[in-house]
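Some features that TrEMBL has for this protein:
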- 33-42: domain 'Uroporphyrinogen decarboxylase (URO-D)' (DOMAIN)
- Arg38, Gln39, Ala40, Gly41, Arg42, Asp87, Tyr162, Ser217, His331: substrate binding site (BINDING)
- Asp87: site 'Transition state stabilizer' (SITE)
- 150-166: domain 'Uroporphyrinogen decarboxylase (URO-D)' (DOMAIN)
Amino acid sequence: MSANHSPAGQQPTATYESAFLKACRREPVPHTPVWFMRQAGRSLPEYLKVREGIPMLESCMRPELVAEITLQPVRRHNVDAAIYFSDIVVPLKAIGVDLDIKPGVGPVVQNPIRTRADLAQLRDLTPEDVHYVTEAIGLLTAELGPTPLIGFAGAPFTLASYLVEGGPSKNHEHTKALMYGDPQLWADLLDRLAEITSAFLKVQIEAGASAVQLFDSWVGALAPADYRRSVMPASTKVFDAVAGYGVPRIHFGVGTGELLGLMGEAGADVVGVDWRVPLDEAARRVGPGKALQGNLDPAVLFSSTEAVEAKTREVLDAAAGLEGHVFNLGHGVLPSMNPDALTRLVEYVHTQTAR
Ligand SMILES: Cc1c2[nH]c(c1CCC(=O)O)Cc1[nH]c(c(CCC(=O)O)c1C)Cc1[nH]c(c(CCC(=O)O)c1C)Cc1[nH]c(c(C)c1CCC(=O)O)C2
């Protein structure tokens, strides 16, 4: 550790002192930090241009392209953090699971995991399996300066939902059939995924990520008792595995109003909230000692600037009493969004919250 490096690991002091990381640590901030889930991607013409002719998963394995795509929204929107460009299925592909990302569909798995024998598809992940991640993060930390880089992974439940269903699913019928019908196989599957996810997050942190987000996008499909019994042990295992690095751990899912307390309890420092629960109520559900992230309804961005500002004001007002607030959308940027509206939104939050 040198003089311009922070106590919490590899990052430069200017990064450690950034508004985003301060808000995650519930320290006073110069302005409310902003970033957007899926800020890189199809809403940006410059993204469509560099991705032309390159399949999604292949683009995730080219370090220079990953670095360029990750930087695009930082340059354009003046967001307070970058998120590493990848996908939640990349570590599964890296250990040899036969899957692809189909345009307009999402991840599709060739041989769904439904029996004990199928578990053999899930071997341990080594740093060499994802050497391109280490390379890309090396390029990125050099380019980003003080702007923090968020690493991420899919949470065990959400990964399991793709692996068991074989693709995207509305009702998660095969997943729930396994969870309720063979609890031991289910627990073993989630534990395997927790190991893989932990290894993947460690690679990102050791390469220079300043925070990590665990996406449990589809876990809102579960009741709290089932979450506690069948999912929380695996997610807790992931958070515990990276606790020693001292980087903030963010935990996000959609439709998780009834799970917010448990998702914090699983080991998050920051709990992501979708647009269905106002942040002051979310803070009551999560309890003290955690920051919150969110939670403008993404679809508001399709409306007028005045309406966007009014709805943003509501989010900021609900967040006024929080210990730490990271502004975000309640879910990801949609491909059809006007990127200029996102740039204006960042500027609006920054000016409204300047102290
Ligand atoms: C559930 C989930 C997936 N992937 C991810 C999640 C969790 C986040 C969430 O809840 O939205 C995570 C993810 N996937 C991607 C990112 C990029 C980083 C960022 O936020 O900027 C992140 C954080 C890139 C991507 N991942 C994907 C794209 C689109 C593919 C493309 O650009 O060709 C991008 C930019 C593909 C993907 N991958 C997945 C879906 C549902 C899709 C969309 C399918 C489609 O509509 O075409 C699975």
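Cβ from N, Cα, C; glycine included.
Quantities reported herein were computed from a predicted structural model and do not represent experimental measurements.
Considering only the residues assigned to substrate binding, Arg38, Gln39, Ala40, Gly41, Arg42, Asp87, Tyr162, Ser217, His331, the longest pairwise Cα distance works out to 23 Å. Through the fold, the domain 'Uroporphyrinogen decarboxylase (URO-D)' (33-42) approaches residues 18-20, 22-23, 48, 69-70, 72-73, 77, 79-83, 85, 150, 252, 326-329, 331-333, 335, 342, 345-346, 349-350 of its own chain, all at least 6 residues removed from its boundaries and within a Cβ separation under 8 Å. Highest local Cβ density among the binding-site residues Arg42, Tyr162 belongs to Tyr162, counted as other Cβ atoms within 10 Å over all protein chains shown. All protein chains shown were included, and the count of other CB atoms within 10 Å of the CB of Arg38 (substrate binding site) stands at 18. For the pair formed by Ala40 (substrate binding site) and Asp87 (site 'Transition state stabilizer'), distance between Cα atoms is given as 11 Å, rounded to the nearest Å. Taking Cβ-Cβ distances under 8 Å and a sequence gap of 6 or more within the same chain, the neighbours of Asp87 (site 'Transition state stabilizer') are Met56, Leu57, Cys60, Ile101, Pro107. Counting residue by residue with DSSP, the domain 'Uroporphyrinogen decarboxylase (URO-D)' (150-166) contains 10 helix, 5 strand, 2 coil. Within its own chain, His331 (substrate binding site) has Met37, Ser217, Val254, Asp274, Trp275, Pro298 as residues 6 or more apart in sequence whose C-beta sits under 8 angstroms from its own.
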